[in-house]
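Have a look at the structure below, then the notes.
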Number of protein chains: 2
Amino acid sequence: MNQDYIIPDNWSIIEEGFEQDLVKSSESLFSIGNGAMGQRANFEEYYSGKTFQGSYIAGIYYPDKTKVGWWKNGYPEYFAKVLNAPNWIGINIEINGENLDLANCAAVKNFRRELNMKEGWYHRSFTATLQNGTEIEVQVRRFLSLDLDEVGVINYQITALNQDVSIVFKPYIDAGVHNEDANWEEKFWEPLNVKNNANEAFVTARTFKTHFTATTFMQNTILVDGKNVNASPSNVASSNDKIEFSYEVSVDRNQSATIQKIGGYTVSMNHENTEEAAKKVLSNAIFIGYNQLLEDQIKAWAKIWEMSDITIDGDVKAQQGIRFNIFQLNQTYLGKDSRLNIGPKGFTGEKYGGSTYWDTEAYCIPFYMATKDQQVARNLLTYRYNHLEKAIENAAKLGFKNGAALYPMVTMNGEECHNEWEITFEEIHRNGAIAFAIFNYHRFTGDYSYIPEKGLEVLIGIARFWHQRATYSTYRNQYVILGVTGPNEYENNVNNNFYTNYIAKWCIDYTIEQIQKIEKEYSSDYTRILNKVKLSVAEINHWKEVADNMYFPFSEEHDVYLQQDGFLDKELVKVSDLDKSQRPINQKWSWDRILRSPYIKQADTLQGFYFFEDHFSKEQLEKHFDFYEPFTVHESSLSPCVHSIQAAVLDRMEQAYTFYLRTSRLDLDDYNKEVHEGLHITSMAGTWMSIVEGFGGMRVKNEALHFEPKIPTQWKGYSFKINFRNQILKVSVQSNETKFSLEGNKPITVFVKGKEILVEPNSLVTV
Amino acid sequence: MNQDYIIPDNWSIIEEGFEQDLVKSSESLFSIGNGAMGQRANFEEYYSGKTFQGSYIAGIYYPDKTKVGWWKNGYPEYFAKVLNAPNWIGINIEINGENLDLANCAAVKNFRRELNMKEGWYHRSFTATLQNGTEIEVQVRRFLSLDLDEVGVINYQITALNQDVSIVFKPYIDAGVHNEDANWEEKFWEPLNVKNNANEAFVTARTFKTHFTATTFMQNTILVDGKNVNASPSNVASSNDKIEFSYEVSVDRNQSATIQKIGGYTVSMNHENTEEAAKKVLSNAIFIGYNQLLEDQIKAWAKIWEMSDITIDGDVKAQQGIRFNIFQLNQTYLGKDSRLNIGPKGFTGEKYGGSTYWDTEAYCIPFYMATKDQQVARNLLTYRYNHLEKAIENAAKLGFKNGAALYPMVTMNGEECHNEWEITFEEIHRNGAIAFAIFNYHRFTGDYSYIPEKGLEVLIGIARFWHQRATYSTYRNQYVILGVTGPNEYENNVNNNFYTNYIAKWCIDYTIEQIQKIEKEYSSDYTRILNKVKLSVAEINHWKEVADNMYFPFSEEHDVYLQQDGFLDKELVKVSDLDKSQRPINQKWSWDRILRSPYIKQADTLQGFYFFEDHFSKEQLEKHFDFYEPFTVHESSLSPCVHSIQAAVLDRMEQAYTFYLRTSRLDLDDYNKEVHEGLHITSMAGTWMSIVEGFGGMRVKNEALHFEPKIPTQWKGYSFKINFRNQILKVSVQSNETKFSLEGNKPITVFVKGKEILVEPNSLVTV
C-alpha cells in the first residue's frame, strides 16, 4: 500500500486535513459523474496550488494530430481524445476585499472532503483565516444530477466566524480551457457566443474539426441564512469565451451567505439548438430547485444501489473498496446511450483519451450484465456493431480484405486512434474479446436475438480477420500467428502468443457454429446476412482449416502452454526473487530489459484460462497459475482481479484476498502512484468480478447459475445481487451458509457446489 | 531505374534543361562540400519554386527535444541533429528593375548544371528572358575550397543579350534560417551581432543550448567585362541576423557584369573569437583571389583523385557512378578532424540529422583506409575511443554495469540521440561493428599500436556489454541473446539473431586474444589499462563461458543458419513472386505485415558472412546467399554493395553487375525516389568496396594482399589504387590480364587467385 489518507467508512470516501500535495490525488478520488458528464473534484474558488482541472462531457472528443518520432505506414492521422470541457463549476470568492485561495490563507483548518456514495454527492468544508484576518467557514456540496443528466448543482455556503464580512461571489462559466495532454498545445474550443440574462448565462462554443457544439450554462441564487435574497449581479464581466457575474453580500458575524449555482451543458449530439435547449434544461432545473434535486439524487442512487450493492461484513476497507468501485462504474456509464462507452479513466482524467479499449468487452460487460437491465450490455455490444464498417476499413488499411474486420485498439468513433506499432498493429487479441463478449452476453442473458440481428456480422468480420492473419508454416505443417502483442504488453512482436492463437481459433469455431445455428433457426436473417457479407461455403472451409490446425506452443517439461514461442529461453527468475528496488519495472527498467525478462504485466495465458475456464481441468489451471503467476508483476490495473478469481477457484483464499484488496483499493490506496492522473475505471468491474465470480464462484453453465461460495477469513460474510434473465437473485454468503432469495415470478434452479437447489420467488433458501 | 535525366559523362554530373520538378533532386545531386562545410545546390538568386535550402557546418549540431508518442524509460531527452547553417551563398539579382526568379521568367533556355568532379566545382548557366523583356545569360561557378576549408567562392556573371541592362547585385548573409525537420518549429540560431565594413560583412550567431558560435562572412567584388570596377555598396540593409549589400552596375548589350563573392564560416569549435578569425580568413582568401583559389582547388582535387580514382573502361554510366561516389565521400569527410564523422547524408540534407551510425565502421572505414593516409582511419576509430565514457553511461542507463559500453545507434557527441525502442535499445549489433573496425584497421594497416593505446579499452567495454547482454537459457543449456533488432530492420525484437550472436561471440573472443597479446607484448599498457578498467581473470572467464556456449539458430533441413529463432515459421514467398505493386514494401505495407514477412531490408545473416568470410566455406556462403538473397528487398542503401561483393565471389557476374549499378547510381538514378532529401553518402563507400573487394576480390590475409580479379562482361577493364601500409599499389584489371604497379620503396608480395607475385617498386607486373 502506498497511501492511506482516505478514512475507512462503509459508505463514504473521506479526507480530513488540508495537504496541498494530495490535492491532485483527491481531485481524482472525489470525482463525480452521471454517465453524461463528469467533474474532477477541483475547487470552485481560485486555487493557486497544483491542480489538474478536468470537466468532461461524454462523447465529445477531438482528433488531436498524431505525434510520433518515426512514422509507420498504417498509423492513424489523428488521435481522438476526450476534451477538457468548459468549466461550469467556477465560483471565485472575495472576502473583505481579499480573494479566497486555499494555497494562500493564513490558516486552513477542519478541512474535510466527503464523497457520499450512497447519496451521490460530494461535500467539502473548511474554516479559513485569510491574510486580512477574516475567519470564515465554508461548506460546499456538489452533485451531478442522475435524473437531469445535463445538470450539475453547487451549494456554496460561507459563514462569518470572527467578524462581519463583505462577500463577493463571482460565479463564472469559461470555455477557454485546454487539455494537459494536448499534443500540439492547440486550443480545442472555438467560442461562438456568450449571452446573459438576469442571473443566467450561456457560453456556446464549438470544437474545432469535430464541430461538436456545447452550450455551457449557469444560474445563480444568493441566500442569506438560507433565505433567497433575490440578488442580481452587481457586475457582469464577459469575453468571447467566458462570463463572470459578481454578487455582493454582507453578512454579520455568525451569519451565512450561500450561492446556489445550477450549471451544466447541452450538446449538439442531443440537441439541434444547444442554446435553446440550455434555457429549457435550466428553467426545468430551477423549477425543481436545489432541495428537490438533491432529494431526487438520493433516490436515484438508492435505486442503483438497490440492485448493484455488494455488502461485506467485518472489513470496512474491503467494503469501502467495493462500493467505491461500483459507485465509479455507475458514475461513468449507465448504459442509456449506445453511442457511449467506458473509458479506462472514466471522467476522472485525460489519460487514455477517454476512449474505448478491449477493457469494455473483457472486463466491464459482466458487471453491467448482472447489475443492470440486459439492454445496457446489449448497448455496449451494439456500440461495436455500429463500428463494424470502420473496423473493416481499419483492417483494409493494414492489408486485409474481403470484409475482414480489425477493431481498433483505442477508439472514440470507430476509427483507430492509437499509434505505437507494437500495440496498434499487433495487439490484435482485442478482436477476440469483442467476439467473446457476444458469446458471454448470450450465455448470461439467454438473449440469442442479438446474434442474428447484429452479432453475426461482427463475428464474420472477426473470423475473416483471423483466417487472413494466420500464416501457414510449412515447417510446422500448422497455422501460426506471427508478430503479435498479447494482453501482457511486456512482450512485443512475439510469435504464437498462446492467448491470441487460442482466442483466434475459438472465434472461428464459434462463428461457424453461429452461422450453422442461424441457417437452421433464423433463415431470413441467414439469407440477409449471407447476401450482405458474401460468404461462401468454400470460405468457411478455409477458416475451418486454420482453426483445426492452429499451433499452440507447449512445454512438455513443464506441462504448460507457453505464453509464446521462446518463452523458456528467458532467465526465469521469479518476481519474489527480484530486488524490491527494481519495482515497478515499468518505472525502473528500460523497455528492452522488460521485454527480454519473463515478467508479465497482466494475465495473458491465464486470461485464456479465465475466458475458457471450462475448456481446461482444475489441475491444468493450477499448473498454469503456478507457472505464470510467480512471474507476474501486476503492473496493469486489470491484473489482480483475474488472479483473485483464479486463486479463489484454487482455494487459495489468502492470495485471493490480497489480490482483492489490491484491485478494490488500487486507487484509494494508490498502489501504482498515479491516482493524480485519474482513476482506473475499467478495472473496477474486475473488482466486482473478483467477488461475484471469485469468492462467490458464480458461473453460468447450461443456462443455469452455479455458485461455489467461499469466504476470506477476514470477512464475516458478504452479499450481492444478480439480474439473471430479468429476475433478481440475492446471494448472501456467511461462513457456514449461503442464502438465496429471488425477486421475480418464476422459480429458478441454481447449483451450489454442484448441488441443485430450487429458489422460489420471494422466499429465502439457505444452503 | 527511376530517373535518367543526368547526362552520362566520365567526369561530370550534368543536367540540361530547366525542370522545376527536378530542382530539389538536383539540389542534392549537385551538392558541394569540403569536409568542413557543405552546400546544397540551391540557387544564389531568389527562387519562388520548390526548394530545400541547405547549408551545413561539420560538427555544429543542436539538441532537438525528443518527440515520441509514448515515452519509454531510457529514451534520450534530446536528439542531436545537424543544423541548417546561416546562408552565405545568397545573391539576389535585379535586372532593369525586375527581380530575377527562375520560376517567374518569361523564358529560361539553355539551362545547364555541371558538377565537375575532377576539379571540384559546380557550374550553372542559363539564358533568361524576364517579364520585362530583358534577355540575359548567366554563368555561375561555385566551390568550397579544400585548402581553406572555411571558405566558399562564387563567381556570378551576367551578360546582357538583347539590350543595355541595369543590374543590381544584392549579396547577403543570413542567420535567420530554420530546419525543415525541426521537431518543435524552434529557431536554432540566436543572432549576436551584424557588422560591415566596405565590401565585407559579418553575421555572428550562436546556437541555442549547444552554444556553438559561428561568424558567417562575405566579401564582394564587382567586375565588368572581367575588370574589377572597385565598386562599393550603394545600399546596406541589415537586421539583427541578416545583412544585404546592393551594387548597381550598368552594362551595354553584350557586356557582362560579374560579382565575385567570397563567403563562409568561422566557428567556435576552431576559434576563440570567431569574428576576428573571420576577418583573417577572409583577408587571406581575398589576398589569394578568385583565380588562384580555383587553380588551387583543381590541384587539391587532382591530388585526391590521384590516390582514390577508379577507372572503368567501356561503361560511362558505371564510370560516372563510381566517381560520383568517391567524390561525395571526399566532399563529406577528409579525415582531418577526429571530432568529425560521416553522416549518412553527408552535407546534402537534414535526414538522419548528420549523425554518426554504424555505417562508418561497417561500410566507410575500408574506403578511407585504402585511399587515404592511415591516420584518417585511425581518426575514425579515435572518434569512438573519445566517446567511450559516454557509451558506458549509455549502457548504464539501460541497466548495464561495471564499465559495459553500448555505443549509441545515432550520435553527434557520444550521446544516444535516437528514440525508437526497437532501434535505440535493441539494434545493439552496432557495438560489434565498432569492435570489428578495430580488427579490420589492424588487419589492413598492420598498425597494432592503436590497440594498446586506445582500442583495447573500447574492446573491453564492448565485451563486457555482450557478456551482460546474453542470457543463460536453462532450456538450451546455452547462452542466448533475446530481444534484438539485427541489421535487417524489417525484424524487430527477435531472439537469437544469428548476426548479433555471432558478432557478440567474436567480440569476446577477439578481446580476450588482444588482452593476452598485450599482456605479453605491451606490459606497461597492460598494467595501465587493467588498473583503469579493473578487469579480473574471473571476469574474463565469465565472458569466455558466454562466448564458448553461444547459441546459433540453425536449420538442418536447409543447412543454413537462421536469421533468428522462428524464421522458418514465415510464409517463405520469394521477392520475385511478390506482385510489383507491393514494392517497395516499406511504402506499401503496414509495419506488422513487413515484420511477419520473410523480407529482408539489407544483408543480415549475409552481413556476418561478409565480415567473417574466412570463417565459412564458399559452399556455405553459396547456400546462405541462395537462401537469403531471394527474400531480400534491398530497401536500404547499404544492401546492394554487400550482395554485389558476394555475387562476385560466387562468380555470378551478371548479378554482381546489377547490384553494382544499383549501389553506384542509387542517387543519380534515384532508385528509392528520395534523392530530393539528400544523398546516401555512407553507402557510397560500399560502392567502392563492391569494385575493390567484389570485382577485384581484394582481401588481406596473413599480412598480404590477395586478389581474385573478375570483370563484368559490360566492361573492358577497370583500375584502382590501394594504400597498403604506406605504399601505393595500382591494380588494373583487363579481360585477360591484371597489372600491378607499386609506388613505394619496398617490394611487396601479392597473391592473385592464390598465386604469389612479387611487385617491385616502380615497375609493372602483368599477371
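Any Cβ shown, glycine's included, is placed from N, Cα and C.
Just so you know, TrEMBL annotations are computer predictions that nobody has curated.
Note that the coordinates shown come from a computational prediction; the quantities given were computed from them, not determined experimentally.
Taken straight from TrEMBL:
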type     : residues                               : note
DOMAIN   : B:14-268                               : domain 'Glycoside hydrolase family 65 N-terminal'
DOMAIN   : B:323-689                              : domain 'Glycoside hydrolase family 65 central catalytic'
BINDING  : B:Trp358, B:Asp359, B:Lys601, B:Gln602 : substrate binding site
ACT_SITE : B:Glu489                               : active site, proton donor
DOMAIN   : B:698-758                              : domain 'Glycoside hydrolase family 65 C-terminal'
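Within 10 Å of the C-beta atom of B:Trp358 (substrate binding site) sit 24 other C-beta atoms, taking all shown protein chains into account. Put simply, the two farthest-apart Cα atoms among B:Trp358, B:Asp359, B:Lys601, B:Gln602, the recorded binders of substrate, are 16 Å from each other. Here the domain 'Glycoside hydrolase family 65 C-terminal' (B:698-758) is broken down by DSSP into helix, strand and coil counts: 0 helix, 39 strand, 22 coil. All chains included, 24 other C-beta atoms sit within 10 angstroms of the C-beta of B:Asp359 (substrate binding site). According to DSSP, B:Trp358 (substrate binding site) is assigned to coil rather than to any helix or strand. Same-chain neighbours of the substrate site beyond B:Trp358, B:Asp359, B:Lys601, B:Gln602, judged by a C-beta within 8 angstroms of the site's C-beta center, are, in sequence order, B:Tyr357, B:Ala362, B:Tyr363, B:Pro487, B:Glu489, B:Ser636, B:Leu638, B:Ser639.
Confidence annotation: the domain 'Glycoside hydrolase family 65 C-terminal' (B:698-758) carries a mean pLDDT of 96 in the model. Taking a C-beta cut-off of under 8 angstroms and a sequence separation of 6 or more, B:Gln602 (substrate binding site) has the following same-chain neighbours: B:Pro487, B:Asn488, B:Glu489, B:Thr632, B:His634, B:Glu635, B:Ser636, B:Leu638, B:Ser639, B:Val642. A 10 Å cutoff on Cβ-Cβ distances gives B:Lys601 (substrate binding site) a total of 22 other Cβ atoms nearby, all chains included.
B:Glu489 (active site, proton donor) counts 21 other C-beta atoms within 10 Å of its own C-beta, drawing on all protein chains shown. A coil conformation is recorded for B:Gln602 (substrate binding site) in the three-state DSSP classification, outside any helix or strand.
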